[in-house]
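Heads up: the structure comes next, in structure tokens.
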Amino acid sequence: MARGPDTARRWATLVVLAALSTAVTTTNPGIVARITQKGLDYACQQGVLTLQKELEKITIPNFSGNFKIKYLGKGQYSFFSMVIQGFNLPNSQIRPLPDKGLDLSIRDASIKIRGKWKARKNFIKLGGNFDLSVEGISILAGLNLGYDPASGHSTVTCSSCSSGINTVRIHISGSSLGWLIQLFRKRIESLLQKSMTRKICEVVTSTVSSKLQPYFQTLPVTTKLDKVAGVDYSLVAPPRATANNLDWLLKGEFFSLAHRSPPPFAPPALAFPSDHDRMVYLGISEYFFNTAGFVYQKAGALNLTLRDDMIPKESKFRLTTKFFGILIPQVAKMFPDMQMQLFIWASLPPKLTMKPSGLDLIFVLDTQAFAILPNSSLDPLFLLEMNLNLSVVVGAKSDRLIGELRLDKLLLELKHSDIGPFSVESLQSVINYVMPTIVLPVINKKLQKGFPLPLPAYIELFNLTLQPYQDFLLFGADVHYS
């Protein structure tokens, strides 16, 4: 804490996190998501597992032709029913290419193939099984990361692909005349090389377009939080790779479900630290949190009504005119033995500031005190303004960011009185009790529900870190795909 995942899933890890990327833009993001090389390495491991399964589905065509034996003439051969038994991808790597995207490289891959063969020369028929190994396979693919400005979704395409094969070896079984294969071995090896190099890139390209891109489209760019607000996590620019990272600039902004309008302030530029030891990072600007305050305050959702039955029974403080009459005599005189009610609301949007030393919140609340008359109607007593300085403790739970407010300082001001003049200092001790013991626990209960982090599906986070910086909170984590 600070003061402050099936085929498509695994393959998607090659790029889903890679899509956490940034671009030069005139609009600062509310959130910057970053994947480090450590994260890319893990994503590559997971993605290659799925690519391996897809490559093992390659269908190999039958090969047939003629051969010639000296003094005996021509014969026919056929290689058929060939099935891939295993596709080994031992050395794989994915790296960011500055201003381009991602470079996927696989080296020293190999294939084990089993099939049948037959040969015929007049009345002589030969045949059997064969095992074939393809070794020294290399695959190079470029992945282009972009975005759809209209929807804010990230996009991915295979911009280039090439593959090569060093060696093809055939082992024949089932006939003592298997040496005949040597007559057309080179022809078979050449045909197989051409077929496999083409099909490998077809699989890579089709996997990107048929699995990755649709998967990307399922990632929500907006999240509805409640009846009042949602969060916009859309991209504000195409993904961009740098030498060591991939960044993604997200709008990172709360918005009103009833009437969306831009906040009257802009996000600051975020200066990410260069040292990273986690797979992914989220730089969450104070702008993100302040748009939350702006939306909820404008919607009139930041309010609370306090009655005496909400006060702990063991408390000496009571919301009655009798108790308040001790502090303000005219309350008891004008409204003897009555219940009271406090209506508290935010008169201004709360303002959060982030610094390396921690997170601070300025909250201005108005409190209207009422006497509850025998007919249950309300009679106004006085109106207070409360200026609160609060510390914000931020943490993470699962895929959500949670928070807690702690009171540092509270100043009272009497804005209006319906019962005549009185010293506001007489209420300071009461408000000092009400705020941390009754009001803040209600707010903190809601804050413990948290805000959803902009993460793809099936991702579990661990080794979490949270560190405040100037204008933003840096959230770091390692990733596991379930």
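Going from the start of the chain as shown, residues are counted 1 onward.
Backbone N, Cα and C atoms are what each Cβ position is placed from, and that goes for glycine too.
Candidates considered were CYS158, CYS161. The record in Swiss-Prot pairs CYS201 in a disulfide bond with CYS161. Of ASN375, ASN389, ASN463, all annotated as glycosylation sites, the residue with the shortest Cα distance to CYS201 (disulfide bond) is ASN463. In space, ASN303 is the closest of the recorded positions CYS161, ASN303, ASN375, ASN463 to ASN389 (N-linked glycosylation site), judged by Cα positions. For ASN389 (N-linked glycosylation site), the number of other Cβ atoms no farther than 10 Å from its own Cβ, over all displayed protein chains, is 13. As a whole-number mean, the pLDDT of the region 'Central sheet, part 3' (463-482) in this prediction is 94. Each residue of the region 'Central sheet, part 2' (221-285) gets a DSSP state, and the totals for helix, strand and coil are 0 helix, 26 strand, 39 coil. Within the same chain, residues at least six positions away from ASN62 (N-linked glycosylation site) with a Cβ under 8 Å of its Cβ are SER78, PHE79, PHE80, SER81, MET82.
The Cβ neighbour count for ASN303 (N-linked glycosylation site), using a 10 Å radius and every protein chain shown, is 13.
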